[in-house]
């Protein structure tokens, strides 16, 4: 029976699933499982039409949005903390609004070209939600003009062989990520004040927003549109806490996209914690929303959640030409000495660009409101002032007129010369910008000038500038500017010796000219240089934003050992982590260029999705085809089990990717296990680059759920059917060992250890009783645990040769263990331990191993009366009073967990003819006594312990072991205990392998019967519905 499952949505509560079961006979069943309708058809001839009807009539949801606010950590917040409203989730593929595609049902059906699916908008509670709708387009195909139209591969509609025009309906084709319409839309900004948020107070918006706005709340945002993604950066008042939610809305207040802005604690989000900015990205903006952005009809809303109420600020996203050259910014808030009711909802932002040199100047673009009196309706004069508050020094003071003042947004541009000294004060955050009314001076807003509020870091790979250089030194560097003008830098190197006293500096990277601007050598320690440059000059800031600032590491004999140019990158997702990792070349790979290297950022967002960003350098091929893998092992130890997961294929020198919906058990390993990011060549699968992950934090709500009665163990999530096949290893003395492996303990050389069900157990070596020959003497060699017999003519110096010189000594091998000539020992046979009933000897002359078992005397009683004094006793004894004059030789059934007696000597053995004459049996060239039981041996499968054969009066009968329901239940309980608990030595129930397999087959048989019964019942119900 071939089964196929089409899952149209995986996250909505109203998910519609179509299941197909196609048997080999002419009867088939089509089951539609939904929240509202039972199955409706069962006829095979109607199954295709039924699928199409279901797809056409069913509206399938995209990803369900989460509640408005994310709960505090530990308060039950779970996955999907971001409300993804602008894209559809079809299987494991994301589709943007307005896109269309042919439904892929997977094997064995594949792509159904006559089913066209679309991602459409559906209004829901002041939101636009993405939904998948599918319909059959076969009935929409145009009429053909020929008598025998043909169906072409990959097409739904039939065409005539002579037709030159394609009659197929056009579906979306992936376009280049730089469209013509996107080239003119890159930088945007928004001002968010109480006055720009008035549209939230409409009658139809009260159900969504509380409209409780503090009078002095101000925020400003910067937006960068790059490769279909909209990166956003917000800078708010220092007295305000971090906003909890971000929404993009249209002019009617309909929510188009919603992001939760919960910032993880700990070392993650280092940039946001230091700068106080709010950073993020809206991935894959749909075409319709890009049009709203281009036409300046898109608004942004920030929401703060308090204990009793929530507060919102909103503003329109607009284009400003000055953003392309912005170096500094300012958030203008109502002055502290002004009454709050007079400046209610007022605020502004400044976009500042400068040029330093012989003719230094500053250019300001002011976006503000709230500084006009009620009677100022035209030509309102405002005073713009830049001053140094510490010295009460006025640097710029101009009066400008606003022709038609607006209550929401007013724009004013000013250019003025400025001295280098004042530019230096501006770059260090010392200047104050004030905008006030000329007529009413108490109406004023002001704020300090800081570095631009865009969330961005500057990164580079450090490599030799000469391709033919023989050095193996590499490194990476990443820096960012704080709001006070300080530069935070982080530099990591590899194979740069601190004893060589390297010089680390910031340089002006302009062609051949390399001017040193700042020295960072003092902070270099081991292989890192981490620090802050507090006082930057304006020239350094301009070079950094222009991409002309570099990092150079030099030695006394090599002034430029490795260097790189710092380039800006927006902060979001992967680059919002604590630090990047350095990808180094594999030492054993000769195919990798000497200077090949890479940098990788990796993080887990609040949606529990894994994001990664990789930059490569040093490859000779321009666009090599590469593959990314994630390697995981529990700890860094020899023999540790390794799990390698494929992430993505890519080509080129950089890429950004993500993994949606990773399993919680896999995510938590990024934090608790040792993980490596690896780059492989696609054509030969050879390892090129590799780097160890650092401090990858996983949000608390992305971790596996465990109840109070459930031990937090990843292995505990296995079901019963996978217990027997679970891959287990043992960790002992700093390394891992495979299941059933034996080894000598490194902590105590006189102990033997074995791995059983994931737990290592060790036992001290038991020395046998040694009886030496007349020509031998007993000695205790140095480093040996047991005495041995050696020839008497062997000197003491030769006997006590150190272990490290044993390579040339004579001895025997038993398995992987080496024994010196003349050594005597008991073999180690886990799980029973040392077999004291067998003594092995390495013959000192022939160097052959002999392991005879102990010969037991014949029993003088019946075997059923004999007993074993101890569990590991070699021979049975007869109880007193049960002695008999005749000995019985009857073999009992073999038990693998109990040691057996050795057979009698040859004098007590009977011939095969005597055994057969007394009712014995002959089976597979073996002779068995009358009443003896044994397990048959098959050449292809070995001993069948679950089958017992008996010889009774020259007849052989074989039966399979039967397991009751109680035994099956006990077997399942024992299996779980054996796998997840350390095995004990006392009162440990024996796991019957026969019942383990038989109980599994019984459960599978019962499930199959239940499934057949359910299908027959649903078939009967469907047939009744058709007949009615």
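Backbone N, Cα and C define each Cβ position, glycine as well.
Whatever TrEMBL says is automated annotation, not expert-curated.
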- Would you please say which range out of 850-879, 880-909, 910-939, 940-969 has the annotation region 'Disordered' in TrEMBL? 880-909
- Task: Could you tell me which of the ranges 985-1006, 1007-1028 is annotated in TrEMBL as region 'Disordered'?
- Result: 1007-1028
- Note on the structure: Quick tally over 184-322, 324-454, 728-790 of CB pairs under 8 Å to the domain 'CHRD' (575-698) gives the top stretch as 184-322
- Task: Using DSSP, tally how many residues of the domain 'CHRD' (575-698) sit in helix, strand and coil.
- Result: 11 helix, 60 strand, 53 coil
